[in-house]
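Inspection log for the structure reproduced underneath, given as structure tokens.
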Ligand SMILES: N=CN[C@@H](CCC(=O)O)C(=O)O
Ligand SMILES: [Zn+2]
């Protein structure tokens, strides 16, 4: 299967030499080729260049991209896409004055979603999640991480990860899976958090590693959920089961979770809405990717991750959706990129780097995704006719995507 894209107004995020991530001031640069062509063969990016140098390709299926931009598909490194039901009542409760924490204390929040999911069959959970996945494919996401964490029993946590695995087998998107058993303390363990962590680090991890259902381990390190000591315990247990850490930290309070993540060589530390100077210092010199989730800040009306400060400190930054029923019922990476520009003050170049190559890094996928590089997976977006790539975040409410190509095939 060969596909030739020609007359591309600008081919964006072209990296001749594969890089794993971009940091600090480098994030301001988005390498591109004007008036370009791109050849996709057998699901991979095979070659590209300016139209003036295009070889005389014959007999290939061709897409004319006059006036349109082409860029790598979005890499969404933080989602909880496999969940059951929704929580719009809590949304209304918040409008009427209750806080996210007050709702959780009243039995809403994560444990509410877990109750629903436990009563949902695997088939039904698959169908509900597939609808969301199909929507985000059309919105240009080509690689995604999906977490468990809305099960909170061994059976239900396994159910989520099996559904995530099946979605990866049935759709042309790369899915990385994360075990987030330590997402909340289930009602049955209300006064026995350690007992629940015994289950998470024991039976749950055992079964997950036997069935090879996860790549990463995660925990919600936050006041009222899990402490830094709990976090260290879960990350150490995960390591024994071959799961590297990617963790939820500093969403509402800075309690030292970032340092714990770095100490355990976490691939990413996510949320970071409340970030102090010590957290920034500890990230310097580490391999840990800070991940901002601006749609979550938007939806909950909480502070935005200080991404500007993170990048200005010379660090990398990735952007992801956090797609979940409680804090972010949206998996739209276009909105994330726009909101990062509008609210976090990232430039379009920084936001596109954060949502492609750095997102790929935060899933351990930068060797295969996140840039236009020979040999990488042929996952690209073709925009509508737009005046410049800055128009993508600028026209934040419009659908600027014309076509999506995943694994070298046009999405129908
Ligand atoms: N903060 C923890 N977990 C999810 C939201 C959970 C929920 O409210 O259902 C998040 O990443 O925002
Ligand atoms: Zn999350």
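Start at 1 and count along the chain as shown; that gives each residue its number.
Placed from the backbone N, Cα and C atoms, the Cβ positions cover glycine too.
Those TrEMBL annotations? Automatic predictions, nothing curated.
When TrEMBL records 78, 80, 248 as binding Zn(2+), the matching candidate from 322, 402 it lists for that site is 322. With 324, 326 listed by TrEMBL as binding N-formimidoyl-L-glutamate, the candidate from 57, 126, 150 annotated for that site turns out to be 150. 4-imidazolone-5-propanoate binds 87, 150, 251, 327 as TrEMBL records it, and from the list 183, 369 the residue named for this site is 183. Distance between Cα atoms for residue 87 (4-imidazolone-5-propanoate binding site) and residue 324 (N-formimidoyl-L-glutamate binding site): 10 Å, as a whole number. With a cut-off of 6 Å between Cβ and the nearest atom of ligand 2, the binding-site residues 150, 183, 322 reduce to 322. Counting only residues at least six positions away in the same chain, the Cβ atoms of 79, 80, 81, 83, 150 sit under 8 Å from the Cβ of residue 324 (N-formimidoyl-L-glutamate binding site). 251, 326 are the binding-site residues among 87, 251, 326 whose C-beta comes within less than 6 Å of an atom of ligand 1, given in sequence order.
Same-chain neighbours of the Zn(2+) site beyond 78, 80, 248, 322, judged by a C-beta within 8 angstroms of the site's C-beta center, are, in sequence order, 79, 147, 270, 271, 293, 296, 320, 323, 324, 328.
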